[in-house]
Structures are given as C-alpha cells and as structure tokens.
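Beneath this line is the structure, given in structure tokens, with notes to follow.
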Amino acid sequence: MTQEPFREELAYDRMPTLERGRQDPASYAPDTKPSDLQLSKRLPPCFSPKTWVFSVLMGSCLLVTSGFSLYLGNVFPAEMDYLRCAAGSCIPSAIVSFTVSRRNANVIPNFQILFVSTFAVTTTCLIWFGCKLILNPSAININFNLILLLLLELLMAATVIMSARSSEEYCKKKKGSMSDGTNILGEVPFPARVLKSYSVVEVIAGISAVLGGIIALNVDDSVSGPHLSVTFFWILVACFPSAIASHVTAECPSKCLVEVLIAISSLTSPLLFTASGYLSFSVMRIVEMFKDYPPAIKPSYDVLLLLLLLVLLLQAGLNTGTAIQCVRFKVSARLQGASWDTQSGPQERLAGEVARSPLKEFDKEKAWRAVVVQMAQ
C-alpha cells in the first residue's frame, strides 16, 4: 500500500515534457485550423451563381444593344447622333459586367459610380431625342431607334438598381490578429507600375488629341462643326485629372486615393466612350472615301476625325482599365482578410509587431529548454 504513490510518480502516463511549461493545457488550441488552409480550387466557396449569371446577362445584352445602336446611328448619322452617344456610353458598363463575372465575390457595388454616370448619359440622350422630336417632328422616324434607346435606358436602370441592392460579400480568411494589426497595402501588392504606364500614355494621348483637334479646326471653316469643340473639352477634362490621380496613387497608395481614382475613372470612362460613339461616323466616311478612286479632294478632315476617334478610344480603354485595376486591388485586399474600412497606421502595425515578437521568442526558448531536459533524461 505504501508503494502505490511512488508507482504513480514513476508512471509514464503523465503530461509530456514539452507541455509541462504551459499553464492551461486544456485551453491549448493549434494556431492553424484546417479551414484556414487555402487550397487551390477552380471555383471558390464564396462564388455567387446569381451574381455571375446577372453579370453575364447584363454584359451580353448591353453589348448586343450597343452594337445595333451604333450600326443604326451610323446608317443615319445626322438624324440619330443621340443613339450613337447612348450606345458608346454603355460599352464600359458591358466590359465591367464581364469583369465582374470572372471574380469570386460580389464586386458590383464597387462600380456603382460608373453605372450611375452611364445611366445619366443615356437619360441625357433620351432627353436629346425628345428635344429633336419637338423641334422637328417630321424629320425623325419613331421606329427601331426609340426601341433601342429605351432598351439601353432600361438595362442601365436595372444595373443601377441591382448594384444598389446588392451587398458586398467577401471571403475573409480567419487569421486572428492579422486583421487587427496589419495594413492592407502591405499584404496585397498594388499595381503601381501598371497605373504609372497608364498615366504616361494618357498624358501623351491627351496632348496629341489636343494638337490634332487644333489642326482639325483650322483645316476648313466650312466643314468644322460643334462636335469637335465638345470632344476636345471632354478630352481636356477627362484625360489629365485621371492621369495625375493615377500617378499620385501609384506613388503613395492609400485607401482615400484608391477610392478617388475609382470615382474619377468611373466618371470619365463613359464620357470618353460617348464622344467616341459620336465620332464613329468618321469610319463610314473613310470607307466611302476609299470606295471611289481617286479619293475625295478633302480627305484630311475625315482622317483627322478618325485619328481623334482612335485617341478617344485609347483614353476610354485606359480609364476603364484603371477602374478595374483599382477595384481588383480593393477586392483582393478584402479577400486577404484585411479590414478596408478600418485601416491601421504604420505606428499601430509596428506596435503590434513589437507586442507579438517577445511572445514568439519566449515560446521558442521554452520549447528548446524542454527538449534539452528531455534529452538529458
């Protein structure tokens, strides 16, 4: 009976040596969980089929309707100029819809400014059509053009409503203290080189467009129209602010600058595509000019309009790409588990690292001592 306590002390069914230094063995939990392991999957668990179907459907409908509207507007260039503008303004929304469909999260609310600005342009084109109908009712045939214009308006209205009603659902990793003490700009790489290259090309294209516009205005006073001055105005307004904002954001990325750049690009992209749609009649003029040989006496004006159209398309594409890159960075930051709304500064992050580092060093030292003791035994 007296040997039983000694047998209990010499038994090997007690706590392991590495676990003796811990105060509460029952509360021990591993640092990583099986759900935290990011396995390579083709279809993420947060994928939304409704968002994907809606994005593909809206993008397809907008592309088809814009294509028919551009064709009909170029068949009747003087009577249906409003239809070309409305069709051009809907192109960035269609591009963004296909971009959203490839994402694994609901990013439609991030493009809400672009959808609202496009809806404003289509509404203006509808008012433009009504004013032309009031001023000269006999010159406009209310047929397929009104159907296309109303269809564009309804599609954009549905897109705006869905973007306002949809909620941002993101797959956030459960990383414990990482979401509390880390900065999103330190975790997710910002596309600084891409935005810098975009800004350089935008400045060069804007200066070239201004010079080409001045030359086009001085070619012949009889052929110059008001559409040139309006187009140049939008180039000057839309090009340089977005280029400057892209360069500043690439140099010093932050939440505020990224949001401002998304807003500027979302506003300028539909306007540039609208001007491109208005000048699309120059393509038909160039085609008609090369049908007859020798060409017309005044081909330089139409060629300059075509070059201006290409510059506008380049500017519009770069602005749309800038918006997509910024939204992609924003979504990637949220997918990494970082808090986009409450962002900690460098001092808080440094304090968190200093607070965590002594604990890690203490754990390593204690584990090493336990190993040495076990080897000695």
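Glycine is no exception: its Cβ is also placed from the backbone N, Cα and C atoms.
What Swiss-Prot says about this protein:
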type	residues	note
COMPBIAS	1-23	compositional bias 'Basic and acidic residues'
MOD_RES	S177	phosphoserine
MOD_RES	S179	phosphoserine
REGION	1-37	region 'Disordered'
TRANSMEM	52-72	transmembrane segment
TRANSMEM	82-100	transmembrane segment
TRANSMEM	111-131	transmembrane segment
TRANSMEM	142-162	transmembrane segment
TRANSMEM	199-219	transmembrane segment
TRANSMEM	228-248	transmembrane segment
TRANSMEM	257-277	transmembrane segment
TRANSMEM	304-324	transmembrane segment
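Touching of the transmembrane segment (257-277) and the transmembrane segment (82-100) is concluded from the presence of at least three CB pairs under 8 A, sequence neighbours closer than 6 excluded. For the transmembrane segment (142-162), the list of distant contacts is 54, 58, 61-62, 65-66, 68-69, 72, 76, 80, 82-83, 86-87, 90, 93, 97, 108, 112, 115-116, 118-119, 122-123, 125-126, 129, 133: same-chain residues at least six beyond its ends, Cβ to Cβ under 8 Å. Beyond the transmembrane segment (199-219), the same-chain residues lying 6 or more positions past its ends with a Cβ under 8 Å from any Cβ of the stretch are 228-229, 231-232, 235-236, 239-240, 242-244, 246-247, 250, 298, 300-301, 304-305, 307-308, 311-312, 314-315, 318-319.
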